[in-house]
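Here's the structure we're looking at; comments come further down.
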Ligand SMILES: [Fe+2]
């Protein structure tokens, strides 16, 4: 069981969708969403070219200008996302987990002690790979994300 099952409210609060699935069907359909699988990334010292550099990049806090959608095919790892008080929420993803990180959320990724994750990268439109490292407070994607929450009274 993945750790996010114990904190579904925390993930919903930051508008992050998390699912466990036995596998993707032929159309890679999820309830109410349709993602297009783009490629597979295999992260381990033996399989990822320029591993040391890449793993550092993944762990730099960043945003994207689109959703980050990952389906874990093998292995495991950690996604960290910021909550609304700027604290980290750590999500331990394992085989069968699907995560949809919203556009503009601050996040980072690292491996766990298994030192290996193989994941499908999915997109709705054209793929966007570029990580935009923090701070990005005035970036339109960040503003879109932060302005999507109700104002506290
Ligand atoms: Fe990312």
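Placement of Cβ uses the backbone N, Cα and C atoms for every residue, glycine included.
Ni(2+) binds 62, 64, 68 as TrEMBL records it, and from the list 34, 92, 107 the residue named for this site is 107. Per TrEMBL, the listed range annotated as region 'Disordered' is 134-153 (candidates: 114-133, 134-153).
In the structure shown, across all protein chains, 107 is the one of the binding-site residues 62, 64, 107 with the greatest number of other Cβ atoms within 10 Å. A simple way to gauge crowding: the CB of residue 68 (Ni(2+) binding site) has 23 other CB atoms within 10 angstroms, across all the protein chains here.
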